[in-house]
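For reference, the structure discussed in these notes is given below.
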């Protein structure tokens, strides 16, 4: 069953707690939906003016990230917000746990996708910056959307594991949402680790790729022969990517580490309690609130850190030649052909 993991009486007794306030969910949901919708409009406008394939593929990944965040907020808010104002009884409305399983799947799917997409974008930029003229590193729009589809497919498969028998989705404090179960059962422990460890690995991989890419760009930026030919497009993409990585690290790492810590401290054994302690329930809710900020802030990274915006703050920034500044020693004929292409 998806009920009974938390103490409903304790939840009702602390319903006035600010952590469980319905205004958190309402405000976060509305702000996040408006932010992502605005970012989608800006992305659509920017994609029409592109001529660079690297920038075009980057915007495809970014569009996939914004669409994922928008749909994720829309789906989860459509269930969580009505609960806070109607206070329906889950056991009566959803005795078969179908709604709870759907909401838990949504939390896992729309939570894992941004982390994997962030790592994918970091990897694409890493190879694009360090191997710019390799055919194997060029990503077309079609291939970029295929990669986004693979990320969605992997996250969907991960979210369906409880439906297939590995782990459970259970109702969480204060009774308004469902998520994976932090109890010392073998299936629950394995599913929690399968959710948390890939997320942690994605964040670490993003950090490694972005660090190397930033170091490369800094080296090129300060090169004597390329001072006047700054790679503005690459710098713009890396600033946005680093911003996305920082937000994901701050918002997601506490929850992922918390999940790993809880499940590893409670080794599967018979006779252990099957109800989460109230402190654990409250901490889980706090970390979920932090994760919600990731979906709110992601679109603003792109909205605010665009050249069109930065040039208004720093008028000295002007469009300059891009990737060729990495290789000033190329033959003039080849450089002219690449520039023309």
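Each Cβ is built from the backbone N, Cα and C atoms, and glycine gets one as well.
Across the domain 'G-protein coupled receptors family 1 profile' (35-302), the model assigns an average pLDDT of 85. If you look up TrEMBL, you'll see 35-302 marked as domain 'G-protein coupled receptors family 1 profile'.
Counting only same-chain residues 6+ beyond the ends of the transmembrane segment (23-46), those with a CB under 8 A from a CB of the stretch are 59, 62-63, 66-67, 69-70, 73-74, 76-77, 80-81, 84, 176, 289, 292-293, 295-300, 302-303, 306. Per TrEMBL, transmembrane segment is recorded for 23-46 (among others).
What TrEMBL lists as transmembrane segment is 58-83 (among others).
The transmembrane segment annotation in TrEMBL covers 103-123 (among others). If one looks beyond the transmembrane segment (103-123) by at least 6 residues along the same chain, the residues whose Cβ comes under 8 Å of a Cβ in the stretch are 2, 58, 61-62, 64-65, 68-69, 71-72, 75-76, 79-80, 147-148, 151-152, 154-156, 158-160, 162-163, 169-170, 177-180, 195, 198-199, 201-203, 205-206, 209-210, 213, 241, 244-245, 248, 252, 291, 294-295, 298.
The transmembrane segment annotation in TrEMBL covers 144-167 (among others). Distant neighbours of the transmembrane segment (144-167): 56-57, 60-61, 64, 68, 101, 104-106, 108-110, 112-113, 116-117, 120, 124, 180-181, 187-188, 190-192, 194-195, 198; these residues of the same chain sit at least 6 beyond its ends, with a Cβ under 8 Å from one of its Cβ atoms.
The transmembrane segment annotation in TrEMBL covers 187-220 (among others).
Taken from TrEMBL, the feature transmembrane segment covers 241-264 (among others). Within its own chain, the transmembrane segment (241-264) has Cβ neighbours under 8 Å at 65, 111, 114-115, 118, 121-122, 125, 180, 182, 184, 188-189, 192-193, 195-197, 199-200, 203, 206-207, 210, 213-214, 280, 283-284, 287-288, 290-291, 293-294, 297-298, 301, 305, counting only residues six or more beyond its boundaries.
As annotated by TrEMBL, transmembrane segment applies to 284-305 (among others). Tertiary neighbourhood of the transmembrane segment (284-305): same-chain residues 19-20, 24, 28, 31-32, 35-36, 38-40, 42-43, 62, 65-66, 69, 72-73, 110-111, 114, 172-174, 177, 179, 182, 236, 239-240, 243-244, 247-248, 250-252, 254-255, 258, 276, selected by CB-CB distance under 8 Å and a gap of 6+ residues from either end.
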